[in-house]
Structures are given as C-alpha cells and as structure tokens.
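Straight from Swiss-Prot, the features:
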type	residues	note
ACT_SITE	Cys239	active site, nucleophile
ACT_SITE	His481	active site, proton acceptor
COMPBIAS	7-23	compositional bias 'Acidic residues'
DOMAIN	51-204	domain 'MATH'
DOMAIN	230-545	domain 'USP'
REGION	1-26	region 'Disordered'
Amino acid sequence: MVLSNVDAEEVNMDSSMELEESSQEPLRADNYEEIYNSLVHHEPDLEEAAHASYSWVVKNFSTLEDKTYSPLFKAGHTTWRIVLFPKGCNQTEYASVFLEYLPQCKVEAIRKYEAELAAGKTPTIDPEIVNDETYSCCAQFALSLSNVQDPTVMQINTSHHRFRSEVKDWGFTRFVDLRKIAVPTPEFPVPFLENDEICISVTVRVLQDPTGVLWHSFVNYNSKKETGYVGLKNQGATCYMNSLLQSLFFTNIFRKTVYKIPTDNDDSRDSVAYALQRVFYNLEKQREPVSTTELTRSFGWNSFDSFMQHDIQEFNRVLQDNLEKKMKGTEVENALNDIFVGKMKSYVKCIDVNYESSRVEDFWDIQLNVKGMDTLEDSFRDAIQVETLTGDNKYYAEGHGLQDAHKGIIFESLPNVLQLQLKRFDYDMLRDMMVKINDRHEFPLEIDLEPYLSETADKSESHVYVLHGVLVHGGDLHGGHYYALIKPEKDSNWFKFDDDRVTRATIKEVLEDNYGGEPAGRAKGYNGNPFKRFMNAYMLVYFRKSRLDHILSPVTAEDVPFHVRNTLDEEHRVVERKLLEREEQQIYRRVRVLTTDGFKKYHGFDMTDFSASDDDPVLITTKIKRNANIWDLQKHLAGLLNRDTSGIRIWLMTNRQNRTVRVDLPLDKKTILVDQICDMHIRKDMDMRVYVEFLSEHNQLLADFGATDDNDFDTYIFLKIFDYETQQISGLADLHVSKNSPISSLSEWIREHLKWSSDVPITYYEEIKTGMVDVLDPNASFEKSEIQVGDIICFEKKLVHDSSSDTSHPYKSALDLYDFMAHRVVITFEPRYSDDTNNGVFDLVLTTHTNYTDMARAVANKLNVDPNYLQFTMAHLPSRTPRSVIRNPSKFTLQNAIPSTYSHNQNVVMFYEVLDITLSELERKQLIRVHFLSNGISHETQMEFYVDKEGTVEDILRQVTQKVPLNAEDASRLRLYEVYNHRILKSHLPTDGIYDLNEFSTAYVEVTPKEEQMQLKTDDAVSIVVQHFFKDLSRLHDIPFYFVLLRGETLKDLKKRLQKRLGYNDTQFSKVKLAVLQAQSFGKPYYLTDDDEVLYGELEPQSHILGLDHPPANGSAQYHGMDQAIRMK
C-alpha cells in the first residue's frame, strides 16, 4: 500500500489525516469500512448525511480517450461519478482522477442521453453542458488506484470539498506517475496497471451543511443575501468593538432607546449618540458591510487608536457613560438603567451579635470566575459564597468590638438584559504573570437565577434567563480575534457575526465550540487543530425570558429619528447613483457643458469651475454613448438647449499646462466618434468638457463689427467685466476677432453694448492663470499681445476719482478682486473642546493674507463675542485634530495654517476657544492640569484652570478648593506632588513657584490623611514613597503615593494599614507582594516575606521606595507607563 496526501494544483490536501491499520495486514482498496472510519476520525464533529463506497474496473486503459467517466453511483440521495484523465489533466506525466457531484438535472440529462444512444437515436442533448447554478454539496472522500487482482497494491489520496456549480469536481491532478503505473516497484511486486486494466475506488462521506458555509471559499459571498444581516468593517483592531456593537444592535430595546436620544442638531464627527444612530440605521438598511470610521471619529479617535485592542468591558462602560450624559434631561433619561442595571448588596453580618453592615450598589454587568468552575451555575454560586471572618480576620463592629462575621455579596435585583463578563484573564500566582484561562466552562441556553437572589428580593416574576449572545475571543493575553454569536429574534436561528461577514451558526458552534478546554467526547488520539482550545466565550448576554417580547419588540421605521432616516436614505441614494454611474461609464461618457448663458453667470476665475456639483446653474451635465459621433452629440445638445442643430457650434475644452481649462478646438468633423476625440485630447477618467457657441448671437456680433463672414476673424476670445458697484467679475460675451486688430478695437462694441458714453476709459487685463493677471496695452494687436483661441480678457471702467476712502467697495479694480480669488481660503472653525455647547462649527471665507487680528474680529462677529477673548489652535490634516496653539499672534497670517497640499476645493480647520480671560491676560497666565485624588488613591478627577505664571503652588491648591467641596480642615491638608512614568518626581511646598512644575509630568493633589499628618508630627514616624510595578521595574503602573512607616510596627500590621490606604479588598490585596526598591537605580527588588519584620529604621526615605508588585487593574502592564485607557469625547 502507498499512503499519500498529494498536493495537487486544484487541491488543498488534508495533510494531517492518516489512515490507521487495524492489524498487521496491509490496507486493501476494498476495505471500505476502515477507509470510511479514517474519514470519520479526521472530521469527527461533522454531522453525516450519507456515505457510500464504489469501485470501477477500468479496462483497455491504454486506448482510452483523454477524459473518461465512470458509471453513476449513489450515496444516499446524492449522485456521483469518477472522472479519469488517463493521459493527465493539464500535464502529461501523471494520471489525474477526480470525483464529481451531479445535480439532479444533470443526472436526468445523462439518463436521457444514454437511453437515446441505446435506442440507436441521435442524442438531442449534451449532458455536459447541463448545470444547476444553485446547488452545493459538502463531502469527504478517499480515492484509490489499485491492481484489479490484488487490492493491497494500491495508492490512496484523501480530501474534502464543497462541490458547487463553479467547481463541480475535485481530486488529484498528479495521482500516479504514468512512467511507473505499469511496472513493478520495490514496494509492490506487481504494478497498478496489469493486463491493461486498473481499479479505481472511492469512499465518499456526504456531510450535513446546516450553516451553508462549510468549506466555503466566501468568494462573492453576500451576507445580506444569505442571512438577511450585514457585518461591520474592521478598521485594524476593532473586532472587539464590532462584536459588542452587534450585540447591542440586536438588543432591540437598546436600539430603540438610542434612537430616542435627541440628535437633530448634532454632527456625527463629534456626537457619539448621533454616530451610533447612523451605524444602527446602516446595519438595518445597507446591503454591504457598514463602516465604523464615523463612530470612532466621534470618540475622538485617530487611526492609531483604531489599531489598539481594548478591554470589551471597559469599552462598554465608557460607551454607556457617554450615552447616559447625552440622555440627561430627555425622555430617555435613566432608560439604560431600566435595561442593563441590577442591584447587588455587599454585607458583613456578625454571627454572635445583632449587627450588619451592608451597602446596596448598582451593577451594569457581573464578573464571574472561570478558573475552577465547570459551569455557569458554579460561577454564580462562587460569586455569592459566604466568607467567614474569624481569628485574626475578625470584623470590627462599631459598639461591639471585634466579632466573628459572615462576609459576601447577594443580588437584590437582576436587569432585563444581563451581561456576564467571564474572567478569562487572571493573575497566575505560580507563574507570576497574567494568563488567559482556557479552562472548559459550560453555559446553558436557559438558566434560572432565582437561587442567587436575596431573601428580600422581589420574586413575583420569573428570573429565568435565555441566552441571546455569546462574545468570543480567540488567542491569548497579547492579542487575538473577537466575534459574536447572536440570536436576533425570539425564535430565530443563531448567527455568527465575524466583522464584515455574517453566517448561520449551529447550537454546537454557540455552546460546545466556545466552552473552552478539550471538547467533550473528543476521540482518543485526535490530532486536529489545537487552536480551537483558545476560542472561548468571554461575555454572555442573557435576556429575561418573561420580558422577551419587550426586549425584542420590532424596531420600525417610526422608531428611527426622521433626520437620521432622511439623511442616510439620501446618502444611500447617492451611493446607488454612483454605482449606477460607474456601470454607465462603460457605455456612456459624461459631458459637462458650458454655454454663453452659463459663462455669464460665472463670477470666479477661469471659464467655470468644473469641480462643481451636477446641479450647478452654470454648467449642464449630460451623457452620450461612447460610440456616438459628433453629429449625434450636436443633435443631443441642441435638444437640451432648445436650439436648432445649425444654430450651435461645439468646442472641446482642454487642460492647459498652466492648469486652466480653456476652449481649444471646434468639433467640426461630424463623423468622428466621441471616444476617439476623448482618447486623443483628454485623460481616460475625465469628463468630456465642451463649450456651446450660439451662432445666431455670433452672427449678430459679426454685424456689429462690420464683418461679412468668419474669414475676417481668426481668434476666438472670451470677455469678462469687473463691475465696481457689485464688486463682481462676470462673463460677458464670446467674440471672434482678427489677430491683427488692436485690443482697443473691443472698446466701441463694449461701450455700445453696455450703453457707456464714448469717452469712458477702459482698462484691459489678460486672465492667464491663478495669481497671474496682466494689464494689456490697448494699442497692441491681439497677436502681439499673444492672445490666442480660448483666452480670457477682462475689462473695467477706469475710475476717474479717488476711491481709497470707500470702505464699502474693498476691491478698487479687477486686480484687487483677482488677488482675493487667488488667495481665497475657506476656514472651518470648530470649538476646541467638544463640551463647548454654546458655540458651533461654521465656515468663513478669508485669504491667506488675513492676519490674526482680522481673523479674530471675523470669528468674534460670528460668535458675538469680544475678539480679545478668543484663542486659536491650528489642526492636523486630514485627521482634523488639534495641533498647536497660535503663540505669536503678531506674526501670524493664515498662510501659516495652510498646508502645502491645500487645494481650493478643501476647507482648512481651525479650532477656537472663548476664554474666561483676555488673550493678553492669558499670556501672563499658565494652564494647569491636575488630578485630584478624592478617595484615597482609588479615584481621581482631572481639572484644568489658569494661574499666574509668577504664582505659587498655593494658588493651584486654592483653585482646587474652588472646584471641589472641601471643609476648611481638609483644605488645609492639601498637598501637590508630581509624577512622571508612575514615579514621584517631587513633592511641593505651597510656597514653591509655578515655574518649578515640570511640563511633562502629571500633577496630583490629595488631602493628606489626618492620621498621617498627626503621626509625622512625632519622632515615631517617617514618610516614604510607595510605587506600583509588575514583575520588573520597567513595568510601572498606577499612581504612586506617600505612606508612613511607624516605629515598632511589624510588616503584618503595616499591610493592614496599606490595604486600607489602597482601598483593595482581600482578593485584590492577596496579589500584592511587598518589596524594597532602590530610589536611584533599577536594581532588583528585595521582597519582604517575614511578617514580623519592622521596616521603621531600616528604610531611608531618600534611598528607598516601598514597592508593590502586582498586576495592574486593567490587566495589561505596559512598559514605561504607555498604556492608554479608552477615551471618548
């Protein structure tokens, strides 16, 4: 026997599969049972529909044609045949063998073909061209070649495939070497091919495909068509966010609540609620995966943020907090609490005396242990287990002293939507590191949670919960992939939402595949893909069964805010139009048409702005078939313009080297094709741009100039006029002139046409390009002035009086207006901080010459504020994020804010702030940012304010007392210290100057603990720095702080005070190892293990630091404190 998994051009072989021999006897080609069992062993989890084996004895092998078919055979309700290429397929060195699945229509065609041949008739059908475009069939199979007389002389290859109309057969191009097929080998004394005959056998295992995607290539897969749902695009590392968003989207009551948040006047660039509404509506209506870029931009994230994976629980809370703030004062205030919030009671109850201390708190989700817990029920029992406090851990009960007590938590109420966070990441004490817990942890489709409620909880309604969402993580602590399994409706199937792809899912995929650990019932010796062990559930979403109809009530069009629906429907229509246009571009050429009438309506530079939208009144946008000729184009345009075809002339407009677009040549050859003209003169992807000259008006102009026909004229020009009163430049006429005539020859016609007196002086300019306009000599000829076809001449009535004092007319001549147009820039002004709700986003048209004073005055007029209170910050483009404050207003012009890549079609962003003090005062002030530690070191609040640059730390502390409600005694104990990279740089005295603060550090302000202040007044205490780290000193985290060492205090007693200062519970503090660190070096920590050790007198505050070695609260210690928490505007 030859056992082979040959790689063929058409095949991805299952190289891990091996056929096991049950005895010492060699495997036989006719031992179908053993071959079948080996197929099952390789894919034991797949559900079988049918299986069959079949052998085909091929006779006269050497005389066969290039392609030969076996008789048909059945496997259950499916029909198959073997396809043999005896001389090879796409090569000549190997025989090729394939397995083909036959849809019923093809089976019937083959039967009919064979019947007609048997009856001596000419076949009326070729069965090989008959096909069914809709079928698919999944199967494992083993194909073997063997000697007809000796089945042990064999070669066997195995594979699997999704048979479909695009790839109807599958097998092996290089099955057996034709040079060796008919000769004995060292392994086999007889050849495969003997007496010109050979046996080909197949065992096929037809498999169920309940999800429709088994072994799917996903080429041209359409989630909307196959499942009715669409996915979300991954921006780089946003799969964790996508899985949560899909879960929230299918929590219908949440989606309805989000839709009720008022966002009529919001901008999706900075409103999370509005951006989320848009994402949700797109998920309802789009046929393609939905982008989340707009949503993350509303968070204030840039592309770098989108490539960082975050904790899903933290992201969920930050998102909900943001929405809650937006809901305040609206009809949906507290609506999220009604959906997600339950109550739990933490208690300590004395055993021997009647005393209980308890606190009832809201929870948004429940964190449950996985390690050591076989089932979800075990995790709930673990969560509410009672801890007994005895011995050294007795509880101090006020009025009763130290008492034995029971400590624990119990649930008072559970929410309608219950989000369970499975603690898949935890600290491993033995390995001394954070690890992912891949233990098997089973969860049910339905669970009764009433046993975990307190005795006083309301149990009048059932607390049975139904599983509706499983969020899955695959990978380890350092990264991986996330997706969601969701049941969208009460009685629907389950679906897998994997970023932009949505597929149907089985119950096994929902439950068994995500329990983690080794799957139950795994066959002994199975050597399949071990990565599955690392794919497991990390968040479960249960809906209260009695409230299912409420939670999943259908979302209707009326639930969607009108402005969201209207705006996005229009955006979708625009997208559809663009798709249609792209399709039409293969047949049609878009044509932008400028006429004399349009030219007269235009007031900018050049002939017109061809980047304008299709509804621009200056231009006409139409289309013409690419194979149409110029005469067809002329008839088409004449009809659009309601003119006779003989009354118009078409001119092609092209790009000049100076980046202007001008009339170039007349399209007089009527038989030439539109595409031929375009290929010769314009770029392939560019619209065809034409100017339509009205000949009736042209003939009148000829008469006005005393000419008889066109031969008297050889230059075609365009006239513009600058009107001093309206402060506009406008198109006036298109003229044919003689190149030998002087420029002044235009004057008589102009005066007559505009009814000016004959003595009005006229000044002429040539509009060459942006920023270049030349004065023309009226006595020079058109030829000498280098005026050619398509050139633009602008003229004006020369002012005869001094207009310098006329402020209502800033442009004194055409040159002034041309200069403005050349340096014109649109600035988009945005509030520097998103919480500035009093002011909005607006555009102003200014010039690159605009200085700071003029810009401030223009913005102040718009905002109705004093310009002296405005401060501006330039922006990064294209991210539209703040870059740097304008520090030197006296030297600033808008040119400083314009990037070199700026084009006149884009807006430049500038951020503004309305200050509480004037800008001049601000120059004497310094912005101070501090973090106030309000509850020990466990809570911090960031605040900002200005203080005098010459001020002191006392000024900072005074500002803090104005922002935080403190009594006089606490205010007197405030202290400020600086931290950099989680190390204390310096503790400041109130008299220290502001200039002493390091601009790169973080300033922390706290109320010095009263007992610490009292202790330090004695000789029995010393203050020392405490610093957090994880395993080594390059991995610092959390906020360092000051702590007091007491004379004679043992390490055991110190730990109790330290735990209280940190605010850690027993579980958290059990992970902390105390160590002595060298203050001025990165030497190895000296770990403290003797509880009787006394640190006072052993540690010097200037030389030592008390180190706390433990994993950070967020589960990911970063080097040098570079970890970034999730932030949203």
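Residue numbers in this text run from 1 along the chain shown.
Glycine too: its Cβ is placed from the backbone N, Cα and C atoms.
On a predicted model such as this, the values are computed, not experimentally measured, just so you know.
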Handout entry: Same-chain residues at least 6 apart in sequence whose Cβ lies under 8 Å from His481 (active site, proton acceptor)
Key = Cys239, His473, Gly474, Gly475
Completion exercise
Cys239 (active site, nucleophile) falls, by DSSP collapsed to helix, strand or coil, into helix
Handout entry: Cβ atoms near the residue listed as 'active site, nucleophile' (within 10 Å, other residues, all chains)
Key = 21
Completion exercise
In the three-state DSSP scheme, His481 (active site, proton acceptor) belongs to strand
